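> Provided herewith is a single structure, encoded as structure tokens, for subsequent inquiry.
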Amino acid sequence: LCACCMSLACCCGSAACSCCCNCCPKIKQSTGTRVMYALYFLLVTVLCAIMMSPTVEQALKENIPFYTEFCQTVNAGENCKTLVGYAAVYKVCFGMACFFLFFCMFTIRVNNSTGCRAAVHNGFWLLKFIVLVACCAGGFFLPNESTFLEVWRYIGAIGGFFFLLIQLMLLVEFAHRWNANWYSGVKYNRLWYAALAFVTLVLFSVGVGAVIFMGIFYTHPEACLLNKIFLGINGSLCLVVSLLAISPFIQKLQPNSGLLQPGVITVYVMYLTFSAFSSKPKEMVVIDGVNTTVCVFPFNSGTESDKKIVTGLGTVILFGCVLYSCLTSTTRRSSAALRVCRNTDVPNSTARLYVCFSEEYDEEKTGSGQNVVYDEREGTIYSYAFFHFVFFLGSLYVMMTVTNWFHYDDHKIEKLLDGSWSVFWIKMASCWVCLILYMWTLIAPIVCPKRFEA
């Protein structure tokens, strides 16, 4: 009972959050804090998805007694029309963005977890949840709704673009870290060479297979000209960066550079290319006098159940990537990579089968409840302000993605993966930015040798 009371103290006080069950594995204070903010973020994201779903709206209308009277009582319009649609998502995400932007400014230059501002960041979860709800609800009382929606739409597009950029930088950093992590084991066990070779072969096999698959199913002799052009461009660029990674002048400056990193980049670029082709509006050609849709996914049976499964799976993957980017962008390694500087304060990696791990451990609190490792006594593990700023950008990215960017008219969450030109160009541009970022990490030591001196 005492342990449960201690774990609940984090809701209204500055105590670190933990479960009351001692069978739960120990958790670091920095990790627990970030997970709590991620849960807040996920909760609002689910709410936005619900607001864009006519299926949910119809279910509420059918199952809630006196639904129309309730909507009129809360001044939500006929059938609660002001609580659904892209305008409602914009308002809710505006509140969430303001919440994280406030904490970003509030935690600037917080260097340890012993101050008042750090205590607010790491605790008071119930109070912060109330503040978040108030911020999201406050968006519905903004004046000049049409002007707000027009301005906020472009702010969201800019913020969403920068969040995409952070995602791509994290991918490049992950590829380099994976290669360095496994390469460090070669001096102890030569089997790591076999592991590197096997994974590299698998990655490039997937990349080449994706090119062949899209060449067969996403091109047509009489249509899909953009697909042919961009598939050729992206495939050629992947080949160029792969050859560049193993070129003699790159190997001289970066001995650890190999084919694993371009293999990761190639698979991701091919995934983005496939996703872009799938997001493009359908094209039709006349074949034997019949209008036929071409360059579409060949295994889609077209049934509603299949579409719901694909949309649901795509939504989970999408928001899983968003949460991963928000959480990992603030680790010590990733923050150094995003600042484009040498990460001199992180010890050398030890080869292991996983590369997403943490190195910091300190004293822990023991008791009948879950153990909490206070790993920020000497200093913060991550930048609090940057952490909230990434979630601020993530809020804008979610807002634009759920509302289909600039094609928000009559959009539904069930059509999240349906085609639109804005999504197509965003994904295609992401391919090129990813390749450019990786290419820059290869040639940067040549262009700026002093910056990368040991």
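We number each residue from 1, going along the chain as drawn.
Cβ atoms are placed via backbone N, Cα and C, with glycine included.
A TrEMBL annotation is a machine prediction, not a hand-curated record.
From TrEMBL, here are the annotated features:
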type     : residues : note
SIGNAL   : 1-17     : signal peptide
TRANSMEM : 35-53    : transmembrane segment
TRANSMEM : 88-111   : transmembrane segment
TRANSMEM : 123-142  : transmembrane segment
TRANSMEM : 154-172  : transmembrane segment
TRANSMEM : 192-217  : transmembrane segment
TRANSMEM : 229-246  : transmembrane segment
TRANSMEM : 258-277  : transmembrane segment
TRANSMEM : 309-327  : transmembrane segment
TRANSMEM : 384-406  : transmembrane segment
TRANSMEM : 426-448  : transmembrane segment
> Check the transmembrane segment (229-246) against each of 35-53, 88-111, 123-142, 192-217, 426-448 and return whichever range has the most CB pairs under 8 Å.
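Between the stretches 35-53, 88-111, 123-142, 192-217, 426-448, 426-448 has the largest tally.
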> Of the listed stretches (35-53, 123-142, 154-172, 192-217, 384-406), which one yields the highest count of Cβ-Cβ distances below 8 Å with the transmembrane segment (88-111)?
384-406
> Taking 3+ C-beta pairs under 8 angstroms (sequence gap of 6 or more) as contact, is the transmembrane segment (123-142) in contact with the transmembrane segment (35-53)?
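Per Cβ check, the transmembrane segment (123-142) touches the transmembrane segment (35-53).
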> Give me the stretch from 154-172, 258-277, 426-448 with the greatest number of Cβ pairs under 8 Å to the transmembrane segment (192-217).
258-277
